[in-house]
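Trainee: Let me give you the structure first, and then I'll get to my questions.
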Amino acid sequence: MYQRQVSFDKPTRVEDSAYIVEGVDIKEARNTCLLFSPKDSSLSSGALANILAIFKKHDINLVHIESRSSLRVPGYEFFVEADGKSGALGKAIEDVKEQCSYFNIISRDYKDNATAVPWFPRRIRDLDRFANQILSYGSELDADHPGFTDPEYRKRRKYFADIAYNYKHGEPLPHVDYTKEEIETWGIIFRNLTKLYKTHACREYNHVFPLLVDNCGFREDNIPQLEDVSNFLRDCTGFTLRPVAGLLSSRDFLAGLAFRVFHSTQYIRHPSKPMYTPEPDVCHELMGHVPLFADPAFAQFSQEIGLASLGAPDDYIEKLSTIFWFTVEYGVCRQEGELKAYGAGLLSSYGELEYCLTDKPQLKDFEPEVTGVTKYPITQFQPLYYVADSFETAKEKTIKFANSIPRPFGVRYNAYTQSVEVLDSKPQISNLMDNINSEFQILQNAVAKLRV
């Protein structure tokens, strides 16, 4: 079901699209993770020792061993990370399965294993594991990039890349002292875009943007700091920002959204072309994406796309990436009988923000099944936009589409532990139902008080 036909050593863009396949060149990416519960899963039974002996027998190097209380069966479960290139892992897996009541394989490099689930982060700190696997690094610019022949700009890009590369979850977001030239570039973009927002941006965007001006220093002569913006978003919807040096693979980027984490660049486009950038920069992130991550309905919609991606086969990752492109990046919606822009690619581009509401592009209703297989250009204005009636209806349609993804489990984000729960057993479902019942009782109590 999950078998990949082709693997790439590094994140690789597929054809002329925004879809980027993750790479497996680093040692950690080639490891195989095993999650299992021995038939006798009490810690005192010696069951784990027996299973570890199996790995030793087949010369498997284990790089991580973790025990935890199981939500699937009474007792404990174990999470083991094995070096996929050592020993006879296939034979070891067959022997371990015989000793277990529950067994699951999770692998980053799964092209030769049709039974493996593509690896995905379970805890928010797991985002550290792929945050630096990007399409290009720092000063590595394409020959047609405006800053390709500018040594100072390339040096500056490396500075930003190093900041992101060294960041770990839980640390304060790095403060950046932007240069006068960088602030002037930001100012040109800010000044032009804000002229169009009242007439072209959606209602939710125009509600949040003044709050960013008041609370986060959004103004023409100042580039906001990610830490200030992230704290603001956390208070609004629980979304946070995380610095990244460049484009992540589609699978890794979407996985961040499942935790309400948005990977954001801090560098800015080259000053020679302030109204153009061939890649996401801090202007695109802050002017385009950030305002709507402060809206509860849009935040939930974005997280649903992320949750749908966890453990999904490659072809569905491409579909979800395309849905993201036509919504979060280039989405248009209907409000009070008029078309308004809500996609970040539109809200951070003066030219395309003007263009998208004219009669030049084609418009179609947003339907994930159709949207997810639509081809699109990445170096010119979009000839087609998908129109959503509301973020709420877009979310419901996306959830329905996610139910068609062939994976043998459901997922749920636990905001208390900032972790993803894999729902694949009756005890887990029962526990979830108890939680829902408790929330429903709170709702009933609140409604009763409103009636008094």
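Glycine residues also receive a Cβ, built from the backbone N, Cα and C atoms like all the rest.
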Trainee: The Fe cation site in Swiss-Prot includes H284, H289. Which of E318, E329, E336 is also listed there?
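Mentor: Fe cation site check in Swiss-Prot: besides H284, H289, the record includes E329 out of E318, E329, E336.
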Trainee: Do you know the DSSP helix, strand and coil residue counts for the domain 'ACT' (36-107)?
Mentor: 24 helix, 26 strand, 22 coil
Trainee: Looking at the binding-site residues H284, H289, E329, which has the shortest Cα distance to S272 (phosphoserine)?
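Mentor: Minimum Cα distance from S272 (phosphoserine) across H284, H289, E329 lands on H284.
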Trainee: Name them in sequence order: residues not among H284, H289, E329 whose Cβ is within 8 Å of the mean position of the Cβ atoms defining the Fe cation site.
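Mentor: Filtered neighbour residues, in order: P280, E285, G288, V328, G343, A344, G345, L347, S348.
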